[in-house]
Amino acid sequence: MGCKMMAQAFIVCLLTLATSHLLPCTAFMRPFPQPSHAARGLGGGRPRQGSMVMQESSSSKKGWPVGRALRTFLSFNGPRFLSGRRKKKTSGGVGLATATTVTPQLGADLPVGHGIVLVTGATGGVGRRVVSLLLEKGIRVRALARNEQKALAMLNGGQKPEPGALLEIVNADIRDPAALTPELMEGVTAVIGCTAAIVQPKSGDSEDRAKYYQGIVFYEPETLDSPEETDFVGVKNVLAAASKYADVKGCKKLYNCAPAFIDRWQDFASLDDVVMGGTSDSKFTLVPGAGEAGNEDSPSRIAGVFEGMVTTERGFASGGFTSVRTRNLEPPLDLTGYEGLRLRVLGDGNTYKIILRDSDQWDGPSWSTMVPTQAGEWADLDVPFTSLIPVARTRSIPADQRQAFRLDQIFAIQIMLSKFAYDGEVNPTYKDGPFKLVIQSIEAYMGPSAPRTPRFVHISSAGVERPGRPGVVLEEEPPAVRMNDMLGGILTYKLKGEEAIRASGLPYTIIRPCALTEEPANMPLEVDVGDTIKGKVSRDDVARLAVYALACPEATDLTFEVKSSLAFSQQWTAEDAARAPVTDMTQVFAQVKSLSQK
């Protein structure tokens with residue numbers, strides 16, 4: 001069966017070349033080529049014994065390496081086991097969050113695009129409400145919980161999410177940095193942190209923690225977790241993993257030479273003019289020591305090296321280009337919300353084409369631009385998507401025939417050194433001979449015009465600044481302040497967690513709710529800064545604040561307290577919530593920003 005499939009692929013390859021007017025039909029009538037060990041394999045490796053080249057009768061022309069042409073074709077068009085395509089990894093959680101795309105309802109400018117929001121503490125009182133709100137708005141969620149069965153019961157009716165669902169449930173503990181893997185952070189564009197040390201009444205509680213959650217009647221509390229490990233160390237662990245592996249810094253890491261990203265480079269393979277009858281030859285390899293000095297992501301300085309020999313000398317048809325290209329990505333990249341690609345490279349003085357393909361056709365139309373490099377200099381090559389032009393090979397597509405560029409489905413990225421520019425023009429820096437381009441990373445970036453919005457939203461607590469504050473009368477403070485030391489320094493370590501967030505460099509929002517209750521949403525809210533207010537607030541309202549912060553530039557880099565204007569004794573009912581006007585969260589954040597600037 002395997003031989004039959006390869007034979008069929010070989011026939012398809014030849015027919016493709018013939019019908020593309022790249023291979024004269026007389027080529028089929030030439031004598032079968034003799035073996036030659038001068039041929040090089042795909043990617044520049046040594047050929048297997050018995051690999052073939054096409055010998056020309058004229059000694060002035062190189063033979064066409066038909067064996068390499070076939071291997072190239074199979075690499076990009078054959079079954080996965082023949083092509084070497086990398087199977088996409090998942091985080092190992094329950095369900096997948098990669099297939100369904102739903103337009104978010106927080107607004108067209110939602111900065112997380114079609115990315116994933118990681119919710120820690122997803123089974124807590126606020127956490128599960130955050131998950132529910134995000135899903136209602138069509139946003140993909142990766143819910144992190146210590147207890148998988150509890151998470152399934154609370155978040156998905158006890159059932160495992162279907163493959164392709166918006167919800168993914170992952171069993172992990174933020175106190176363990178090893179659990180916060182690159183796979184866990186893959187595709188994450190924002191984090192909402194709802195994890196907190198578990199507190200319960202000393203007298204015990206029901207399975208649904210009814211005493212703890214009601215928030216009105218006081219019960220003598222005790223901690224079941226270490227506040228230091230959960231509210232401080234755990235938060236630092238999430239920050240470190242998100243900063244290193246997630247897409248929370250205004251860019252989306254596509255290919256990188258950090259250890260966690262090395263396997264992604266397997267997507268690339270050489271694609272040279274051998275498929276058009278030429279004899280140029282390239283390889284793409286990861287080389288220790290080739291990377292930029294001082295690169296913190298890759299201590300061993302590993303980098304991708306694209307090198308070889310480009311020539312216009314013919315095999316039996318035209319040559320003059322060499323390239324490295326990803327096999328079709330599964331699923332395709334969604335770069336919605338980004339403004340361009342940025343490549344960190346060590347140049348060689350050549351001008352390269354950067355090509356993106358928004359269809360899965362091997363030789364279909366593409367989007368392309370040309371970028372020069374400086375020999376011997378490390379530089380960022382920025383490729384704005386607006387600079388790309390639609391082309392069919394080297395011919396630009398007329399304006400009346402162009403399709404819209406689909407940023408939400410990028411199937412392939414290609415880097416090419418070619419003699420030709422577009423529409424018959426010649427690449428001004430092209431010359432036959434050796435070339436070498438070192439690639440440190442490829443990422444999608446947001447431009448300066450993109451709104452800066454929070455990427456790390458954290459639920460803390462009012463009162464964190466009060467333990468030890470001069471002038472504080474403990475008898476007048478909430479129980480958590482009075483009992484801070486007895487509860488293992490719970491507020492002290494929440495404050496340390498906050499400080500780690502503020503020092504991280506990530507855009508953040510820190511919400512400090514007063515006493516949390518199970519009352520309905522839409523309470524009249526009061527906000528303040530400086531950590532002095534006392535009162536109660538609904539978990540529903542806190543969850544809404546956390547979710548809406550993601551889309552609100554005014555919420556960026558704010559730390560604030562929130563409570564309801566209602567007294568503890570005044571109960572807020574569903575009827576009250578239905579009659580009240582819906583709280584405008586944008587105005588809430590604008591008010592906090594104004595208070596913070598005083």
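Positions of Cβ are set from backbone N, Cα and C atoms, glycine also.
The compositional bias 'Polar residues' annotation in TrEMBL covers 52-61.
As annotated by TrEMBL, domain 'NAD(P)-binding' applies to 121-203 (among others).
What TrEMBL lists as domain 'NADH:ubiquinone oxidoreductase intermediate-associated protein 30' is 266-439.
Counting residue by residue with DSSP, the domain 'NAD(P)-binding' (454-553) contains 32 helix, 20 strand, 48 coil. The domain 'NAD(P)-binding' annotation in TrEMBL covers 454-553 (among others).
Annotation comment: TrEMBL describes 38-63 as region 'Disordered'.
Summarising the annotation, TrEMBL assigns signal peptide to 1-20.
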What mean pLDDT score does the domain 'NAD(P)-binding' (121-203) have in the model? 92
Residue distribution over DSSP helix, strand and coil in the domain 'NAD(P)-binding' (121-203): 28 helix, 20 strand, 35 coil
